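Visitor: Here you go, one structure.
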Amino acid sequence: MTRGLVFFVSAACGVLADQLSKFIIAANLTPGTAIPESGFFQIVHVHNTGAAFSIFRGHTEWLIAASCLGVILALTAFFLRKKLPFLDTRPGVAALGIILAGTIGNLIDRVRLGYVTDFIQVGNFPTFNMADSCLTLGIIWLVLLYLTSSHSGGDASENA
């Protein structure tokens, strides 16, 4: 599979998983409902007008603009990846793809609904969704790829 295909398939699968999971939650749980009602792990239907940890709550226009910038940055990084060897690998473009997926997933919600649907609650950590998970895991993955390639003096492994 080419790097371009890895990037776009990663992004498409991430957006699909995010939007499908949010559709299932919205169709089956009213906002504020939790399953189970208490416990360390819950599925909770929450409307979040902010960003991570509900920062910038109520500033949807700014968050839409920031998300559009995020999409542009992810696409730019993909198209300029040859300048950063750790990005020009299948793992590098897959990580960029899931970052793009997370950005687009929440952007779709903000434009369509004016809020993001969050539903995963673990302990006292703020409620989040699949798009948030894509963003977080993609960024961690890119950092690890960068650290691995920088410390080894070469490119990140093509098959990592």
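A Cβ is built for glycine as well, from the same backbone N, Cα and C atoms used for every other residue.
This is the feature table in Swiss-Prot:
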- D118: active site (ACT_SITE)
- D132: active site (ACT_SITE)
- 60-80: transmembrane segment (TRANSMEM)
- 84-104: transmembrane segment (TRANSMEM)
- 127-147: transmembrane segment (TRANSMEM)
Visitor: Between the Cα atoms of D132 (active site) and D118 (active site), what distance do you get, rounded to the nearest Å?
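Guide: Their Cα atoms are separated by 9 Å.
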Visitor: Which entry in the list of active-site residues, D118, D132, has its Cβ near the fewest other Cβ atoms, using 10 Å as the limit?
Guide: D132
Visitor: Can you work out which residues elsewhere in the same chain, 6+ from the ends of the transmembrane segment (127-147), have a Cβ less than 8 Å from its Cβ atoms?
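Guide: For the transmembrane segment (127-147), the far contacts come to 14, 17-18, 21-22, 44, 46, 48, 52, 86-87, 89, 91-92, 94-99, 101-106, 109, 116-121, 156, 160.
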Visitor: Work out the three-state DSSP category of D132 (active site).
Guide: helix
Visitor: What parts of the chain pack near the transmembrane segment (60-80), using Cβ distances under 8 Å and only residues at least 6 beyond its ends?
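Guide: Hits for the transmembrane segment (60-80): 7, 49-51, 87, 93, 96-97, 99-100, 103-104, 106-107, 110-111, 114-115.
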